[in-house]
Amino acid sequence: MLRLPSYKEKWGPRIQFRTVVAMGGPTWIAFAALCISAAVSISIVKRQLDGQNDAELCNNRSPSDYFRLTAEDDCRDVVRCSVQGLLALRCPSGLAFDIEKQTCDWKNNVKNCEQLEKPRLATPLLATDEPLCETGKLACGNGDCIERELFCNGLPDCSDGSDENACTVDRDPNRAPPCDQTQCVLPDCFCSPDGTQIPGRLEPNTVPQMITITFDDAVNNNNIIVYERIFKDGRNNPNGCSAKGTFFVSHKYTNYSAVQELHRKGHEIAAHSITHRNQEKYWTEATLDTWAKEMAGVRLILERFGNITDNSIVGVRAPYLRVGGNSQFSMMEEQAFLYDSTLTAPLSNPPLWPYTLYFRMPHKCHGNGQNCPTRSHAVWEMVMNELDRRDDPNFDEELAGCAMVDSCSNIISGEQFYNFLNHNFERHYKTNRAPLGLYFHAGWLKLNQDYLDALVQWIDEVLGKNDVYFVTMTQVLQWMQSPTELSSIRDFAPWKEKCDVKGQAYCSLPNACPLTTRELPGETIRLHTCMECPQNYPWIEDPTGDYFAFKK
């Protein structure tokens with residue numbers, strides 16, 4: 001049994017640019033694209049202004065922030081500070097620069113053309129020549145002293161709000177310390193300075209190459225055929241047990257009889273929210289209570305209507321990979337979730353191993369506007385290593401990595417996808433054998449049968465090796481907590497549970513319950529389950545579907 005430790009808005013305008021894929025969603029992609037687009041003019045500003053020079057303009061200004069020199073033009077021109085001087089950027093014709101979002105957008109969408117710069121937030125006085133406050137307190141931006149633990153707690157305690165304006169991984173006064181391997185010891189804790197060290201300090205050639213295939217969102221008749229093809233009977237690991245996957249399930253439109261069957265066969269079911277709300281800020285800025293309703297709520301729904309009674313739903317992935325900061329991870333501790341799989345590590349060679357968050361994460365907070373955890377949390381991070389999008393690294397130019405396979409936009413054929421899989425496999429297999437994560441939305445494979453064919457062919461080929469295992473995320477952590485060499489891995493007990501399940505599904509004719517809820521007025525949704533129908537459609541304020549306030 002695995003031990004618990006004891007301690008993204010819709011796309012903007014379509015701008016012509018070279019393919020750029022990275023974490024952070026469409027806003028970031030459009031903005032990054034501007035920096036290399038032929039349609040955008042970027043140059044060093046040569047100008048003569050009365051009474052103000054570049055040094056004055058750039059004083060106390062972040063080099064990453066664009067600002068306007070004047071509000072009298074057509075809203076396309078902005079500049080930012082650099083060591084070369086002011087760098088100018090001009091949006092393509094028909095677009096304007098949104099100073100708050102820091103990106104070009106359709107002109108009708110930009111409401112701040114009169115605004116010269118982003119509002120400057122007050123910051124606390126954390127680095128001073130002499131202490132400004134007594135021991136245990138820190139200074140707000142206005143000089144007031146408050147308790148240290150009040151900084152970066154999600155609530156403005158300084159009158160100027162400055163205690164919540166310096167809360168990044170590197171600036172939070174209460175941030176987790178760097179990895180200390182004398183204090184961080186398996187099975188409860190694992191870290192390494194750069195994240196690449198193998199647990200148990202084993203040699204790479206003695207370590208099984210673990211591969212985790214995951215799928216996000218609802219499980220239903222639209223995608224179950226994809227899962228059945230990938231995890232078909234007889235596709236076994238070298239220990240004789242069937243290949244396994246992990247499913248991060250969101251609630252709406254999920255067929256819970258299908259979830260129950262996946263769980264019966266030994267696949268892992270994990271939490272992916274009730275609402276899957278299509279608002280990135282909703283997840284980035286959600287409170288601990290909201291995170292609990294979404295993730296503990298969907299776990300309750302999965303357990304009840306998928307008849308999952310073994311307390312095995314221990315993983316979380318945030319929708320749109322929008323990290324929820326300390327609120328998300330504090331919720332996970334309180335609700336006894338074991339691991340998160342939302343944080344993305346930039347493309348690196350060698351890749352990173354999963355780690356615990358008692359200590360600071362060993363990579364930067366990757367992605368535009370991400371709200372990474374800064375504090376110490378008793379949670380494992382199944383970090384999402386970015387994949388190398390090149391199918392032939394010997395000839396292709398370097399490209400930014402991608403986390404979800406279906407976001408790797410340069411894949412245009414089954415053959416190219418097959419080469420992509422081989423290249424990324426070798427990046428792991430021939431270095432430190434960190435688990436290779438292949439993260440999908442099923443629709444991408446269903447709509448591109450050539451890609452599905454290539455994936456299945458590749459799986460069968462790598463399973464021909466005696467040291468490659470397709471396992472769940474929890475099984476990866478079970479191995480990490482008890483590192484076992486290849487010579488003994490065939491008898492590794494945690495990987496033998498539900499080894500090769502046969503037999504019939506729990507029910508062949510599930511209930512198709514037509515349900516409504518006052519939380520979703522005007523909608524009637526069918527809930528498919530082998531269990532008894534609830535009175536109402538389960539939703540965020542009523543996850544069991546029985547809450548009296550929502551009865552008909």
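A Cβ is built for glycine as well, from the same backbone N, Cα and C atoms used for every other residue.
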Selected from CYS133, CYS140, CYS152: TrEMBL disulphide partner of CYS145: CYS133
Recorded disulfide partner - CYS140, candidates CYS113, CYS158, source TrEMBL: CYS158
Per TrEMBL, the disulfide partner of CYS167, chosen from CYS152, CYS184: CYS152
Rounded inter-Cα distance in Å - CYS167 (disulfide bond), CYS133 (disulfide bond): 19
Closest of CYS133, CYS145, CYS152 to CYS158 (disulfide bond), Cα positions, disulfide-bonded residues only: CYS145
From disulfide-bonded residues CYS133, CYS140, CYS145, the one whose Cα lies nearest CYS152 (disulfide bond): CYS140
Same chain, 6+ residues apart, C-beta under 8 Å of the C-beta of CYS133 (disulfide bond), given in sequence order: ALA139, CYS145
DSSP state at CYS145 (disulfide bond), helix/strand/coil: strand
PLDDT averaged over every residue in the domain 'Chitin-binding type-2' (55-115): 87
Cβ neighbours within the same chain of CYS140 (disulfide bond) - under 8 Å, at least six residues apart: ALA122, PRO124, LEU125, ILE146, CYS158, SER159, ASP160, SER162, ASP163
